[in-house]
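*Asks:* This is the structure, below, for whatever I ask next.
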Amino acid sequence: MLNKKSVDDINVKGKKVLVRCDFNVPLQDGKITDENRLVAALPTIKKLIADGGKVILCSHLGKPKGEPKPELSLAPVAKRLAELLGQEVKFAADPEVVGPNAKAAVEAMKDGEVVLIENTRYRAEETKNGEAFSKELASLADVFVNDAFGTAHRAHCSNVGVTQFIDTAVVGYLMQKEIDFLGNAVNNPERPFVAILGGSKVSSKISVIKNLLDKVDTLIIGGGMSFTFAKAKGQEIGKSLVEEDFLEYSKEMIEKAKAKGVKLLLPVDTVASKEFSNDAPFRVVEGSLAADEMGLDIGPKTQILYADALKDAKTVVWNGPMGVFEMSNFAAGTVAVAKALAEIDATTIIGGGDSAAAVNILGYGDKMTHISTGGGASLEFLEGKELPGVVAANDK
Ligand code: AMP
């Protein structure tokens, strides 16, 4: 459990409360195409409204790189949030984020009202954790709530800097939920504890593998990263994704797993093609691939092996697809893992990013115990790192 202060521990009646949310949602032609992050932010916002706070929301959206870009304005978020909350969300459209509109809107607020200020990344200082912008944000409010797990692994003005200039800083319900689920899984899991890692590269998940090998009973590896392990074991992998610099590391991890008695599962068959294309012919290969082939998904025997390994699990953490799931011919491995997770009686935690998208697209979202709203943040959490956004919100 996160034994830190949350929105339950403070009295916000009549106070101006600045809430850092993660409204970094995908947009297409000004329309929000996935509103999960908005829905996930509602419990904290509703609680603060019910308690009579003046709720000032802020977030980044995309990467405007310090310049006001109309296509990355939070205006569509204000509109949709108002519908979801059933009350007005006043949008303060200042290119400088904390400008005359924001100040006037905040000044005019009554208890229980909601204002959303503009994309914090319109300001170049935001991602540099600059003091001036941190102070401007803090000047809007009496209390700060960090509910943006998706950016908790970054030290920016709107989640870290701001806390230095405001007396009270706490975490919101979403942040608390994320940390509780991920924290319990990693530090106090009901066993057997199984981790599934996939995605493209070993290099981006080195510290996760290392950290999890000290915790899990079984580690399942799939996706592009499995070929570096396969090559390290002496298998021919053709043109598959490989990181030569990590062959030694992969060997060490195989040894470490053995020494610790952790079951390390690697694919026993592969769906391979000569081209990185959904239109090219493909075949299932057991063992070594031909020199002109690349592995793009786990094969059917591996699907069964992995589903079997998950059957008795009591806690599972999953990060990264089993293959190039964006192409329908190479999505079956990822679908099989999602299905296996949906069917078991265990605490199932999906670590954001591609695996969260896959689970949601496949319609298994409500079958999982927790789907993290932060891909990068949940990975860093699984690495055993302290997240700056969490530390700052609880340093008071
Ligand atoms: P990551 O961002 O490291 O989690 O990687 C996700 C990406 O890995 C997805 O876009 C997948 O298409 C890609 N991926 C998964 N398996 C493979 C594979 N066998 N070969 C190439 N790319 C892969």
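Each residue, glycine too, has its Cβ placed from N, Cα and C.
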*Asks:* Given that TrEMBL annotates Asp22, Phe23, Asn24, His60, Leu61, Gly62, Lys63, Arg121, Arg154 as binding substrate, state which candidate in Arg37, Arg80 belongs to that site as well.
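*Replies:* Record source TrEMBL; matching candidate: Arg37.
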*Asks:* Name them in sequence order: residues not among Arg37, Arg121, Arg154 whose Cβ is within 8 Å of the mean position of the Cβ atoms defining the (2R)-3-phosphoglycerate site.
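*Replies:* Neighbours found: Asp22, Asn24, Ser59, His60, Leu61, Thr120, Ala148, Gly150, Thr151, His156.
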*Asks:* Can you list which of the binding-site residues Arg154, Lys205, Gly295, Gly352, Asp354, Ser355 have their Cβ under 6 Å from some atom of ligand 1?
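*Replies:* So the answer is Gly295, Asp354.
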*Asks:* Quick check for you: of the binding-site residues Arg37, Arg154, Glu326, Gly352, Asp354, which have their Cα within 10 Å of the Cα of Asn24 (substrate binding site)?
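*Replies:* Cα within 10 Å of Asn24 (substrate binding site): Arg37.
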*Asks:* Counting all other Cβ atoms within 10 Å across every protein chain shown, which of the binding-site residues Gly62, Gly295, Gly352, Gly353 scores highest?
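*Replies:* The most densely surrounded of these binding-site residues is Gly295.
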*Asks:* Measure from the Cα of Ser355 (ATP binding site) to the Cα of every one of the binding-site residues Asp22, Arg37, His60, Gly62, Arg121, then give the nearest.
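*Replies:* So, spelling it out, the nearest of the binding-site residues is Arg37.
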*Asks:* What's the most sparsely packed of the binding-site residues Arg37, His60, counting other C-beta atoms within 10 A?
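*Replies:* If we count Cβ atoms within 10 Å for the binding-site residues Arg37, His60, the smallest count is at Arg37.
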*Asks:* Inside 10 Å of the Cβ of Arg154 ((2R)-3-phosphoglycerate binding site), count up the other Cβ atoms and send me the figure.
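*Replies:* I count 20 other Cβ atoms within 10 Å of it.
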